[in-house]
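Peer 1: Take this structure, written in structure tokens, and hold onto it; I'll ask about it next.
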Amino acid sequence: MATISCRVKNNDDSVIQLLNPNRQTIYFRDVRPLKDSRFQLVNFSDNELRVSLSNVSLSDEGRYVCQLYTDPPQEAYADITVLVPPGSPIMDSQEDVVSEGNETELTCTAMGSKPAASIRWMKGEQELTGKMTVDETYDGMFTVTSRLRLTVSKEDDGAPVSCIIDHPAVKDLQAQRYLEVLYQPEVKIVQAFPEGLTREGENLELTCIVNGKPQPHQISWLRVDDDVPSHTVITGSDLFIENLNKSYNGTYRCVASNAVGEAYDDYILFVYDAPTTIPTPTTLNLDNTQDSRAGEGAPQKIDHAVIGGVVAVVMFAILCALIVLGRYFARHKGTYFTHEAKGADDAADADTAIINAEGGHNNTEEKKEYYI
């Protein structure tokens, strides 16, 4: 709906009328000579004539005249521009499915608009630039077409591509479609067992993880420059070798293919020596009350501190024994007395001298000798 208003200041009872772009009288004062019921009187007074126009069409566009019957007549003008929004955009692609590395073309068309619409392209959050053409139809309407050329990669698979219509008569008008991209397999070999180094006598299990579009239909294993060991078990994407030895060293390859192409991944096998078995050492147990089951099943280690303590105790015991023996021999010393006969020269014989000497025992001088 459009509203057209004629306002007059200091009107001296002059007649007000409203004319359409074809100079036809729509309202003369409060009377409508034009037989078009879409025009309705909203307000009439000496100072204003206000008219509404409902269901506006493109033919209503143009200059409307507000005329005041004075001498000379006075006129004022109002232009009505009719905006025509485009219909829903039509989005199409050159091909529904594209292989990675190839180029595809998308088109987006906005028809029947006035003025001409503009078209923007978005791939996810990335804005892209297309080539736009504008065609004007016989009824003054416009058709706009935008073409986008795009080289796709595997990362574009499933990405949304939108064409967005910008027009003053409409908001949030767009079309969208998702890219479908075919790409060759991605191959990765994972060592499922063992977790660490591969050693002689152990088993080896490899898993080939494959992804592609379409899903790879063929997965195969081979050994580069040699044959796989005769007892190797291959089940689909899994490879199993038991009882490894160094003759199995080499490069093992997993190959996968689909309709787009072929890819592979390599695993280099190097077999290490088997771990050396070391005898379990026995720990010297000095505590008879120790529970012998406490360390059962665990490797025993010699406690050098305990051995040093034992040696120290033994040496201390020997030193103590030497001190005790020394003190014992010191107490049990050898003692003897020497009696010299004072009157031997005067005695008639030896017996008399001895008898005289014993009688003088108290006067004898004691001599002592010690032995340790």
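Cβ coordinates come from backbone N, Cα and C, glycine included.
Pasting the feature list from TrEMBL:
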DOMAIN    1-81  domain 'Ig-like'
DOMAIN    85-180  domain 'Ig-like'
DOMAIN    185-258  domain 'Ig-like'
TRANSMEM  305-325  transmembrane segment
Peer 1: Tell me the residue counts in helix, strand and coil for the domain 'Ig-like' (1-81), as DSSP assigns them.
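Peer 2: For that range the per-state counts are 3 helix, 41 strand, 37 coil.
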Peer 1: Going by DSSP, how much of the domain 'Ig-like' (85-180) is helix, how much is strand and how much is coil, in residues?
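Peer 2: Tallying H, G and I as helix, E and B as strand, the rest coil: 3 helix, 60 strand, 33 coil.
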